[in-house]
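Everything below concerns the one structure shown next.
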Amino acid sequence: MSERARIPQTPGETTIDADGTSRQVKKAMEPSDLDFSPSPQSILFTSFASLSGLLLGYEYGSVNGIVRSRAFINIVESPGTVALRDDYISLILPILFCGALLGSIAGGYGAESFGRRQTIIAGSGIYSVGVIVQMMVGVGSSDALGSIVAGRFIAGCGMGSLTTGTILYMTESVSNQ
C-alpha cells in the first residue's frame, strides 16, 4: 500500500490520505439497492424518441408503394407509362437517407450550439418543408422528378436532425433514478 497506512473495511470508518484529506467509507451499493422500474417520465421520453425513428421508417416504407402507383408514374413519367424507370427509383428511394445523414451531422452541431429542443423544432420544420416541396409537383410538370428528389432530400435533412435531437434530449432529460 503506497500512500495509505491502511484501507478501511467497514462503513463509517475514516482514512487520511497522504495530502491530509480525510475520507469516510460509505456503504457500497448492492444490486438490490437499484430500482429498475420505469418512471412515467422515462416512458414518455422514450416513446417520444421512438416516434422520430418510426417517422423515418414510415417515410421510407410508404414511398416504396408510392413509386409503384399508376398516379405517381403518370406524374413523373409521361401518362400511359407502365412502370417507373429503375434509375428514377434508385434516385428517389435512397436520397432520403443521404439527407438524413447530413441532417444528423448538422443536428449534432445544432443541439450543442442552440439546444436540444430548438434542434427538434427546427428538424420538424425542415421535414415539413420537405414534404411541402414533394407535394408541389403538378401533373405533367417538366421537373416533377427534381421536385420530388429535392423534397425527399430536404425531408431527410429534417428527419436526421429530428432523430439526433430527440435521442440527445431523451438521454439528458430522463433521470437515471
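Keep in mind that glycine also has a Cβ here, set from the backbone N, Cα and C atoms.
Since we're looking at a predicted model, the values are computed, not measured.
According to TrEMBL, the features are:
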{"type": "DOMAIN", "residues": "45-177", "note": "domain 'Major facilitator superfamily (MFS) profile'"}
{"type": "REGION", "residues": "1-24", "note": "region 'Disordered'"}
{"type": "TRANSMEM", "residues": "88-107", "note": "transmembrane segment"}
{"type": "TRANSMEM", "residues": "119-137", "note": "transmembrane segment"}
{"type": "TRANSMEM", "residues": "149-171", "note": "transmembrane segment"}
* Structure fact -> Counting only residues at least 6 beyond its ends, the same-chain positions whose CB falls under 8 A of a CB in the transmembrane segment (149-171) are 45-46, 48-49, 51-53, 55-56, 59, 63, 91-92, 95-108, 110-111, 116-117, 119-120, 122-136
* **Same-chain residues at least 6 beyond the ends of the transmembrane segment (119-137) whose Cβ lies under 8 Å from its Cβ atoms** => 55, 75, 99, 103, 107, 110-111, 144, 147-148, 150-166, 168-169
* **For the domain 'Major facilitator superfamily (MFS) profile' (45-177), the mean pLDDT of the predicted model** => 86
